[in-house]
Amino acid sequence: MAAAAGDRASSSGFPGAAAASPEAGGGGGGGGALQGSGAPAAGAAGLLREPGSAGRERADWRRRQLRKVRSVELDQLPEQPLFLAAASPPCPSTSPSPEPADAAAGASRFQPAAGPPPPGAASRCGSHSAELAAARDSGARSPAGAEPPSAAAPSGREMENKETLKGLHKMEDRPEERMIREKLKATCMPAWKHEWLERRNRRGPVVVKPIPIKGDGSEVNNLAAEPQGEGQAGSAAPAPKGRRSPSPGSSPSGRSVKPESPGVRRKRVSPVPFQSGRITPPRRAPSPDGFSPYSPEETSRRVNKVMRARLYLLQQIGPNSFLIGGDSPDNKYRVFIGPQNCSCGRGAFCIHLLFVMLRVFQLEPSDPMLWRKTLKNFEVESLFQKYHSRRSSRIKAPSRNTIQKFVSRMSNSHTLSSSSTSTSSSENSIKDEEEQMCPICLLGMLDEESLTVCEDGCRNKLHHHCMSIWAEECRRNREPLICPLCRSKWRSHDFYSHELSSPVESPASLRAVQQPSSPQQPVAGSQRRNQESSFNLTHFGTQQIPSAYKDLAEPWIQVFGMELVGCLFSRNWNVREMALRRLSHDVSGALLLANGESTGNSGGGSGGSLSAGAASGSSQPSISGDVVEACCSVLSIVCADPVYKVYVAALKTLRAMLVYTPCHSLAERIKLQRLLRPVVDTILVKCADANSRTSQLSISTVLELCKGQAGELAVGREILKAGSIGVGGVDYVLSCILGNQAESNNWQELLGRLCLIDRLLLEFPAEFYPHIVSTDVSQAEPVEIRYKKLLSLLTFALQSIDNSHSMVGKLSRRIYLSSARMVTAVPAVFSKLVTMLNASGSTHFTRMRRRLMAIADEVEIAEVIQLGVEDTVDGHQDSLQAVAPTSCLENSSLEHTVHREKTGKGLSATRLSASSEDISDRLAGVSVGLPSSTTTEQPKPAVQTKGRPHSQCLNSSPLSHAQLMFPAPSAPCSSAPSVPDISKHRPQAFVPCKIPSASPQTQRKFSLQFQRNCSEHRDSDQLSPVFTQSRPPPSSNIHRPKPSRPVPGSTSKLGDATKSSMTLDLGSASRCDDSFGGGGNSGNAVIPSDETVFTPVEDKCRLDVNTELNSSIEDLLEASMPSSDTTVTFKSEVAVLSPEKAENDDTYKDDVNHNQKCKEKMEAEEEEALAIAMAMSASQDALPIVPQLQVENGEDIIIIQQDTPETLPGHTKAKQPYREDAEWLKGQQIGLGAFSSCYQAQDVGTGTLMAVKQVTYVRNTSSEQEEVVEALREEIRMMGHLNHPNIIRMLGATCEKSNYNLFIEWMAGGSVAHLLSKYGAFKESVVINYTEQLLRGLSYLHENQIIHRDVKGANLLIDSTGQRLRIADFGAAARLASKGTGAGEFQGQLLGTIAFMAPEVLRGQQYGRSCDVWSVGCAIIEMACAKPPWNAEKHSNHLALIFKIASATTAPSIPSHLSPGLRDVAVRCLELQPQDRPPSRELLKHPVFRTTW
């Protein structure tokens, strides 16, 4: 029979069915062995028996099915069915009675599913039992080996359903068999099981908890021995759904399950349906995932990192959220448990989330909840319950508190720490372990650490460092300092000195800094404590100094302390910036104090030596010398910091050091120059920084150093009567540039120096160009020295022309060519440049020489160069020997002039006149005079040059040049008194221009500047600013806007204007004029000539000569001369100008006015639109008056009726009764809340229709009742003061019996939500109208520091016309703590309808006015769709909706049918970040509201 059954299974069409089916897996007696040993023989036997025994087999099959049904109803035998086949003697294949065979077959049906047989099976039975076991092995092996997984999966799914019949065969798809199977399932399975199975099948494979097993594989024996039926056996027996059955050769522990991460335990989720006849519901499944996404090594590394991280638990800011802080008070992160995310934005499993899970919740690293992406509600609740129980257990310790209070009275803090430790050691180990953990950083506390104690409260110990961070958090929130555990007031005031104190207020900290000669520990400790009191670096902790810098930092530590120096090496740039701020404070204070003691000759501890030093005019090397030396060493390192704010802080420290450092002697200057040299070298590298702000600031810093005592970095500038001589100005900077010759492969150093050289030549031309004459002859350097300076810089640039870095080579070539163009006034110098180029052997020699000769052709000195250098050297020497006359300077209207003569071919022919057409053709962009400052720290005089013609773009086309001409008025010699008026506006520097063309912004600025200048100093019809610039050829690569060429008429006016007298320096006939002029005169000459064209430039301007050398070098870095609109300067970033030193920059104002005309026009239109909107809403109907509800001025608006008990003081007693059902009647109910109801009402005396809101204030406890009464009073008084057309108005309020009655005006149209439910979604015009009125009302509320917090359709009421909207229901409204947007007291409160609430409110974060703006966007969606946002009507669980909104990364979907304007308003309102949402007043300026007027 068994053979026949197996035969039928064999013929089913499944591959390997004889082995996979239960009958084939082990039949009765020899039949099973026969089938297990050879499938062909079994198939042959089946074919022989099939025709004659079909009817008998069908009857036997039915009997077996009925027997199985009965076996399900009764508890099955625990042990006998499993081992019946092994214990019974071998029986023949044709057994006379079917029961033993059926029992054996039934037993064999469990074996393939249960996995491999126990190892002791062969020993418990004879040889034939061993054969049966082998047969079963072969039958179980075939599905795993020969059969593919897809074929085995259906069988596994059928056998996995443990609630089905144990002996149910794997039947085929015959109709009658399928029908019987469904009936059996329906009769034997409860309804809840059906549902649970369907859910499990939809969910996919489940994770089964592995059963603990022994090495000998004895768990199968235990399963067989325990009478647990299908519950335990079924968990191990069926293979997981969709997975392959285990191979029998493997150990029992080798079941096919998903690999786990080390140490992660699995929770069993499969239920136990039948256990002792009981049916139990399924257990709740835990959250999915639970596996670490990292390798075991990476997982261990991350866990260890979290356990060492300097993070701090600041507070629980919401139901399921924490605020986590770092060492810096600005680093705060919000961690949300459940969604498992953090505000840091670093993705899943960030260090802050792991900190909460491992240290706050104290999970084990092997806990599966640690690595789950989401947690279920019950898991979150369990974590928080354990957390709160741990915290409360630390607070409730009265006996220990009592003991330690006595101890604290009798001992100092050290004794207190030891006594508390000894007391806690007597308690149980778990609590003791809890007591020894700091509640802020959640790490253990050691006796050697600095600890503090909550003296008035819970008596818990905390780290001193952690408590300082908590104190800073309290200070920033403007809250009193309390214990983070018990919330009691903190007695100690050690943590509240956070304000920065001035040097006068805290001289002790300065003296501590000034004593490096005694580095004993007590001094260092007191020094650090004093520094903490001023700048509070304590919450940054002790930072580790890298080993490579320990030797370098050792002298720093001796001067400034370990804490400050350690913070300079912090990985957090905020910490480094704060450390530099404190360093600046300490250095300036130390230098100021030392200078004050020395200059004042005061006595004291070291007064003798300081006074002696002061008498000799030198600074104190014992005090200020070490401070300056250590500070310069620090700055040479920190100035290389890549963070811009840290770099700015370093430059501020440099300025603070220099302005308080006196320098009186040459020896002090040399020492200061030596100390500053590494700092300047570091800044020079920054001059070529990729960040344009950094490069601009670096160049501006060095330029301030070049200005010497006239700049912001003047030595001893802030010291009264210092008389410092400075560090050398331009000469010192030149020594820094040329002293350390940068290696050719270090392109950053080369490029930084070249960028600075480019600016130096433009900013200080009088320092380098021999032909520029200074007015201050006594302070001016000889022209030979300037000539040597220029040649040294050009030699440096020439060395880098062939540099492999393209930008270095281009900038070098540009500097060389631009300098050559500037020295065309002195042909000898120009010839020297040509000679230097010839000797360089550059690969660019041919091209560079061609350009130099083209420049010579333009100014007509080419023949001089061709005649030879010898003919011009003598003339050049004569030119250098000439002294600028002083008489002409005294009579000149300008401070000095630059003269050049126009030379003929032999330098002998000189023309004294020229036509205006010739002048216009020969105007040059270099003819610009600019102010500067000398090396001797005096401001440089202005410069006058005469125009000269030249081609700016030296390519094949001679017309491809651009000329920039700035005309200016010429003043007669009698106008000399105007000189002080001009010079008084001037800054310290003059900026001649960069050789590439000026940017359009610069041109516009100069245009405005010269318009103003001309209007002040001349008649408006004489001159006009003219830009002369021709377009480049089409082949040029330069794409810049070019102004148009002036007409000849304007140029002739310019020539006429220059006929007045001017002063020229005509020292020698051999000196060349710019382009034309008188050549034979010597000495001073006043030449009123037509051809004399010059350009005096107002002192404050910064010019760009529009000179384009070639397209190949024109595309250079713009960083060397930034545009005026985005320029970053030392003054704007570092220096703080005092009011008396601040200068009025009218040019800047004009430029701003020019740039903002369009913006101001738009803003004016928007303000006008806003004014119209407010005016339209200003008028409203008069509010009906109810006599009994009127109160006099100064009285409380709430009127207490006579029958109300006198338990509510502060209200107005009723002069006339106004009681329900007497003076007013209550109508139908129109609203219902948790503690309030809203009704229609009528005043009996006047017939006025009203809406009355009745709120009961009676609560269970007196404290709760007081809170309710106070909230109601606040709402009523708030509404009593509001008066706006879009805010609901209140007629009055009474207190009667146990209710407050709020009488508000009747809005017959009902709420927006009511209209939407009745009439459907609004048209867009209606939505716009209502939205505008809503924004008007909110703008009024926000201006009165009120946030509504419950804006939704149900709280927006419409009048009887449908045109007026009013905001109602201020039960959730609150007054802001201040006029600021943020209000800390509102965090954690969940008020209002969830679907309309902003995400930050649901997350428990701080919120303000912007939460109402978010609700406006939600109201737009509701009015446009007639349903709330987020599909809220589909969420029956409000917690699920809260989670959805709080964890949303996108705004709710906006209806697609909205117009772009209204859609833009909704998008602006629904910005996820509160700071990105515009205020309601700004939204009223949107064009969508203006188009409807």
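The backbone N, Cα and C atoms fix where each Cβ goes, glycine too.
Per Swiss-Prot, active site, proton acceptor is recorded for Asp1350. Note on Asp1350 (active site, proton acceptor): other Cβ atoms within 10 Å of its Cβ, all shown chains, come to 21.
Among the features that Swiss-Prot reports, ATP binding site is placed at Ile1230, Gly1231, Leu1232, Gly1233, Ala1234, Phe1235, Ser1236, Ser1237, Cys1238, Lys1253, with the record citing sequence analysis. Ser1236 (ATP binding site) counts 17 other C-beta atoms within 10 Å of its own C-beta, drawing on all protein chains shown.
Sequence annotations record features per position, and here Swiss-Prot assigns compositional bias 'Low complexity' to 1-23 (among others).
Annotation source Swiss-Prot lists compositional bias 'Low complexity' at 36-46 (among others).
Annotated compositional bias 'Pro residues' per Swiss-Prot: 89-99, in sequence order.
According to Swiss-Prot, the compositional bias 'Low complexity' annotation covers 140-156 (among others).
Under the heading compositional bias 'Low complexity', Swiss-Prot lists 235-256 (among others).
The compositional bias 'Low complexity' annotation in Swiss-Prot covers 411-428 (among others).
Taken from Swiss-Prot, the feature compositional bias 'Low complexity' applies to 512-527 (among others).
Summarising the annotation, Swiss-Prot assigns compositional bias 'Polar residues' to 998-1013 (among others).
Residues annotated as compositional bias 'Polar residues' in Swiss-Prot: 1049-1063 (among others).
Marked as domain 'Protein kinase' by Swiss-Prot on the basis of sequence analysis: 1224-1489. As a whole-number mean, the pLDDT of the domain 'Protein kinase' (1224-1489) in this prediction is 85.
Swiss-Prot lists Ala2 with the feature N-acetylalanine, giving similarity to another entry as the kind of evidence.
The feature phosphoserine is assigned by Swiss-Prot to Ser21 (among others), with similarity to another entry given as support.
Under the heading phosphoserine, Swiss-Prot lists Ser270 (among others), citing similarity to another entry as support.
Taken from Swiss-Prot, the feature phosphothreonine applies to Thr280 (among others), supported by similarity to another entry.
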Asp1350 (active site, proton acceptor) and Thr1393 (phosphothreonine), distance between Cα atoms, whole Å: 7
With Cβ-Cβ distance below 8 Å and at least 6 positions apart along the chain, what are the contacts of Cys1238 (ATP binding site)? List them in sequence order. Gln1229, Ile1230, Gly1231, Leu1232, Ala1251, Val1252, Lys1253, Gln1254
Among the modified residues listed here, Ser292, Ser295, Thr1393, which has the most company in the form of other Cβ atoms within 10 Å of its Cβ? Ser292
Nearest-integer angstrom distance between the alpha carbons (Cα) of Ser295 (phosphoserine) and Ser1236 (ATP binding site): 58
Select the most exposed residue of Ile1230, Leu1232, where exposure means the fewest other Cβ atoms within 10 Å, treating these as the binding-site residues. Leu1232
Between Ser292 (phosphoserine) and Asp1350 (active site, proton acceptor), what is the CA-CA distance rounded to a whole number of Å? 42
Pairwise CA distance, Asp1350 (active site, proton acceptor) versus Ser1236 (ATP binding site), rounded so that it is a whole Å: 16
